[in-house]
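As structure tokens, the structure follows; a few thoughts come after it.
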Amino acid sequence: MNPVAAAVGEAAPAKVNLYLHVLGRRGEDGYHLLDSLVVFAGATDQVEAVPAAGRIAPSLEVEGPEAGALSVEDPARNLVLRAARALAQEARIGAPAAAVTLRLTKRLPVASGIGGGSADAAATLRALDRLWGLGWPRARLEGVARRLGADVPACIAARPVRMGGVGEVLAPSPRMPARLGLVLANPRLPLATPAVFGARAGGFSAPATLPEAGWRDAVGLARDLATLRNDLEPAAIGLCPPVAEVLAALRALPGCLLARMSGSGATCFALMADAAAAAAAAERLPRAWWRWGGGLYAATA
Ligand code: C5P
């Protein structure tokens, strides 16, 4: 198989769970059954795949402002390398084509509920699909993604999507508003997803009822989302009380329509009328936090 390009780059946008209902637990492995509407923010990591002559296996280089937080002591466990190995195996790509350097520019905080690792894995699959000239349909890449983590399939398309099952069942999202702003804020405290699921107390939620026609504007979206929840928020606040401060700060921003935690935290988001309002509002948050304001990565489902 001939590589189609000298190097291929793919953005890995942050995943934001607009709501997250925990519906139950799966018998065989205790994974939680979810209903969640997910969008992707213009805040991104970047993955670049470069052919590496003279090597025999994929290797990883990490740079960028959040690189330090990533454990590269054991790169074999990194989702980027696991994704590369999984795709090479599935597509029967051996040396020399399988020898690529994967350059990950890490800008999204690690272990923060916005799926950075999952997004990186999905971007790796997309990049190598192009580099190796596979041209696989999205569903086939999602099949490989499923083996890497519950959130990875949703990150392949990186467009608004409704997640079911343990995260791997993907259904179309109702239409998102043409203009929508997002502020993301993280108190720079990592939260381990299994710990947050483990600390969750109480019963289970019902799936949400969403308007089929979708939303015309951010106000309508926020109004509907206000009737829904992130069921992991109380557990995350219990484990990491500063999450409550982040939510309070987001709610106090001018123009905030709704503030909520994403995923298992600790990153929280605020909805705003548009990207410019969100970018301006993010500047008002404490500098010690990781903060970002802008629009969706891709608005259409
Ligand atoms: O699939 P992923 O590696 O992202 O999941 C990390 C952990 O989060 C799992 O080991 C599990 O403890 C928890 N989890 C869960 N239910 C899900 C997704 C994740 O319990 N649907």
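Note: Cβ is positioned from N, Cα and C throughout, glycine not excepted.
Marked as active site by TrEMBL: Lys15 (among others). Lys15 (active site) carries a strand DSSP state (E or B).
Positions annotated as domain 'GHMP kinase N-terminal' by TrEMBL: 78-157.
According to TrEMBL, the ATP binding site annotation covers Pro109, Val110, Ala111, Ser112, Gly113, Ile114, Gly115, Gly116, Gly117, Ser118, Ala119. Long-range neighbours of Gly115 (ATP binding site) (same chain, six or more residues apart, CB within less than 8 Å of its CB): Ala14, Lys15, Asp151, Ala154, Cys155, Gly263. Secondary structure at Gly115 (ATP binding site), as computed by DSSP, is coil.
TrEMBL lists Asp151 (among others) with the feature active site.
The domain 'GHMP kinase C-terminal' annotation in TrEMBL covers 221-288. For the domain 'GHMP kinase C-terminal' (221-288), the number of residues in each DSSP class (helix H, G, I; strand E, B; coil) is 30 helix, 10 strand, 28 coil.
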Hey, which of the binding-site residues Ala111, Ala119 is the loneliest by Cβ count within 10 Å? Ala111
So, three-state DSSP: helix, strand or coil for Pro109 (ATP binding site)? coil
Within 8 Å of the centroid of the Cβ atoms of Pro109, Val110, Ala111, Ser112, Gly113, Ile114, Gly115, Gly116, Gly117, Ser118, Ala119, which other residues of that chain place their own Cβ, given that this set defines the recorded ATP site? Ala14, Lys15, Leu108, Gly263, Thr267
Please work out the mean pLDDT for the residues of the domain 'GHMP kinase C-terminal' (221-288). 98
